[in-house]
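First comes the structure, then the notes that go with it.
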Amino acid sequence: MSTLSPSVVISDDEPGYDLDLFCIPNHYAEDLEKVFIPHGLIMDRTERLARDVMKEMGGHHIVALCVLKGGYKFFADLLDYIKALNRNSDRSIPMTVDFIRLKSYCNDQSTGDIKVIGGDDLSTLTGKNVLIVEDIIDTGKTMQTLLSLVKQYSPKMVKVASLLVKRTSRSVGYRPDFVGFEIPDKFVVGYALDYNEHFRDLNHVCVISESGKAKYKA
């Protein structure tokens, strides 16, 4: 029987790191409070998640389904590690990729109104091991909606990998199968996570400042 994998738990009082200790684009210098998860730590954790995914799902054709846009960096890096394991294993499995785009945020709040605004023909998921890759689980409503949609196509197995899971009172209780980091209820950006389409070009996961929220508010 499969079990949910453990995660790196970041405490509520985690101070983070001073911005001056890292390379931060100058145009964001006044918009961030701190670096929360450095890029190197993200990569090391992602490498281990790839091993966990292959152990759990590596016996059958995997379709990796990326949730755009925020999931694309984590998706690309996770797949690089999975492909390395696959090509260096005595027993490799075929792997394909697909993409879907959802929208549930306005400014820093999850609206609860889930819109599917992209995606290919999901009938290709039938009979496959499906790995859904997401950047962050906040309330969990978005992922529950997507899981209901995916399961209509009768995949052999569905697992979810999320780089981040937020501890929040708004959560519906959903937890993905593979989690990189469990974080406090802060609005984070970077490593492709955005605030109204800004900050995707940061390498690190950072906490946005109040002035940053005001500057880029929709």
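Counting begins at 1 with the first residue displayed.
Using the three backbone atoms N, Cα and C, a Cβ is placed for every residue, glycine included.
As annotated in Swiss-Prot, phosphothreonine applies, among THR46, THR96, THR142, to THR142. Within 10 Å of the C-beta of THR139 (GMP binding site) we count 20 further C-beta atoms, all protein chains included. A coil conformation is recorded for ASP138 (active site, proton acceptor) in the three-state DSSP classification, outside any helix or strand.
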